[in-house]
Amino acid sequence: MAKRDCYEVLGISRDATEKEVKKAYKRLAMKYHPDRTSGNDELEVKFKEVKEAYEILNDSQKKAAYDQYGHDGVNQQGRGGFDNSDFGDQFGDIFGDIFGGGRRGGGGGGQRPQQGSDLRYNMELTLEEAVRGISKEIQIPTQVHCEQCNGSGAKKGTEAKTCGTCYGQGQVQMRQGFFAVNQACPTCRGQGKIISDPCHKCHGHGRYERSKNMSVKIPAGVDTGDRIRLSGEGEAGEHGGPAGDLYVQMNVLPHHVFERDGNNLHCEVPISFTEAALGSEIEVPTLDGRVKLKIPAETQTGRVFRMRNKGVKSVRSHATGDLMCKVMVETPVKLSSKQRDLLKEFETLCSSSSTKHKPKSEGFLTSIKTFFDDLSS
């Protein structure tokens, strides 16, 4: 069975750079990796095919032999059959930085339509922006369709000519005894067309790099890790193929007051010693402004008060989270002599009273006494 063209397997052009080869390989290796396609023999075969194509095109000597003689040229270097070595060792350095899905679009010889690559943009948001939603202007470098040559790659007023060797197929047939093997056409390098007078703007590629400005609408309630897909906003396709997609990845920055946990918000609210002991009504911050919170008498530090529907509205439903206010009783500092005397008097009154004024402290002392009694027995 004849092997497929390596450039076709990776979905790249024959003048692809080393970076483009690796990018295509990482995307397809992730798509067909056995860990994700367990039990699917057809996808495992594709995975092996992708790996073999990359091993050839990533090696300058093998690539040169392949470009001139096809798979036979590589085999003559002593490569032999496909190396089915351990997958984990082969790809351990790759899966950590992969994003986006597998590449779609054409394969085969000639100038067939090929979908453009997907792009990713990391967007930083404040908590307020994430909770309320916002439209933001972004700028992304991308490959765009060349309007000068209308994507043909040929200079305006000229056109690419059909290759006279492969007659536009991008492949030629080479016979070896009883067998016929298809390989990339050496004249047009598998393109099926020859551009004798390339476009000055895109240099014959039909696309060129340009920064694109666009507005992205962020819905209310997004959180770190959420991703928005903008269809058709990725790199322009080749040979009339559709554009890829743009994925906007959210990263919500830390807030100086609130800490987010899903749709709930948490904050710490300082209260005075007297407010905790006697009770009070205080103001606490929310994303919609200040609201009043009633602190009952004898409130201990660390107590959490739940304020219903003062959190974040879910981006996936109509439910709204809560605001969890944790009160922290502050110890008074920089006391005057009179204040010190009053506190000492207060402590004396508490100590002489039979009423338990410090439930946690007295419970702790009881536990300590029991502990030492057990040790001595």
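Any Cβ shown, glycine's included, is placed from N, Cα and C.
So that you can see what the record holds, here are the features copied from Swiss-Prot:
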BINDING   Cys146, Cys149, Cys199, Cys202  Zn(2+) 1 binding site
BINDING   Cys163, Cys166, Cys185, Cys188  Zn(2+) 2 binding site
DOMAIN    5-70  domain 'J'
REPEAT    146-153  repeat 'CXXCXGXG motif'
REPEAT    163-170  repeat 'CXXCXGXG motif'
REPEAT    185-192  repeat 'CXXCXGXG motif'
REPEAT    199-206  repeat 'CXXCXGXG motif'
ZN_FING   133-211  zinc finger
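In this structure the C-alpha atoms belonging to Cys149 (Zn(2+) 1 binding site) and Cys188 (Zn(2+) 2 binding site) are separated by 19 Å. Here the repeat 'CXXCXGXG motif' (146-153) lies next to the repeat 'CXXCXGXG motif' (199-206) in space: the count of CB pairs under 8 Å, restricted to residues six or more apart, reaches at least 3. Considering only the binding-site residues Cys188, Cys202, the Cβ with the fewest other Cβ atoms within 10 Å is that of Cys202. The residues of the domain 'J' (5-70), classed with DSSP into helix (H, G, I), strand (E, B) and coil, number 47 helix, 0 strand, 19 coil.
For the repeat 'CXXCXGXG motif' (199-206), residue counts in helix, strand and coil come to 0 helix, 0 strand, 8 coil, using DSSP.
When pLDDT values are averaged over the repeat 'CXXCXGXG motif' (163-170), the model yields 87. In sequence order, Glu147, Gln148, Asn150, Gly151, Ser152, Gly153, Ala154, Pro198, His200, Lys201, His203, Gly204, His205, Gly206, Arg207, Tyr208 are the same-chain residues whose CB sits within 8 A of the CB centroid of Cys146, Cys149, Cys199, Cys202, the residues recorded for Zn(2+) 1 being left out. Across the structure, Cys202 (Zn(2+) 1 binding site) and Cys188 (Zn(2+) 2 binding site) place their CA atoms 18 angstrom apart. Each of the binding-site residues Cys146, Cys163, Cys185 was assessed for Cβ neighbours inside 10 Å, and the highest tally belongs to Cys185. You'll find the Cα of Cys146 (Zn(2+) 1 binding site) roughly 26 Å from the Cα of Cys166 (Zn(2+) 2 binding site).
Every protein chain considered, the tally of other Cβ atoms within 10 Å of the Cβ of Cys149 (Zn(2+) 1 binding site) stands at 25.
Cα-Cα distance from Cys185 (Zn(2+) 2 binding site) to Cys199 (Zn(2+) 1 binding site): 23 Å (rounded to the nearest whole number). Other C-beta atoms found within 10 angstroms of the C-beta of Cys166 (Zn(2+) 2 binding site) number 23, with every protein chain shown included.
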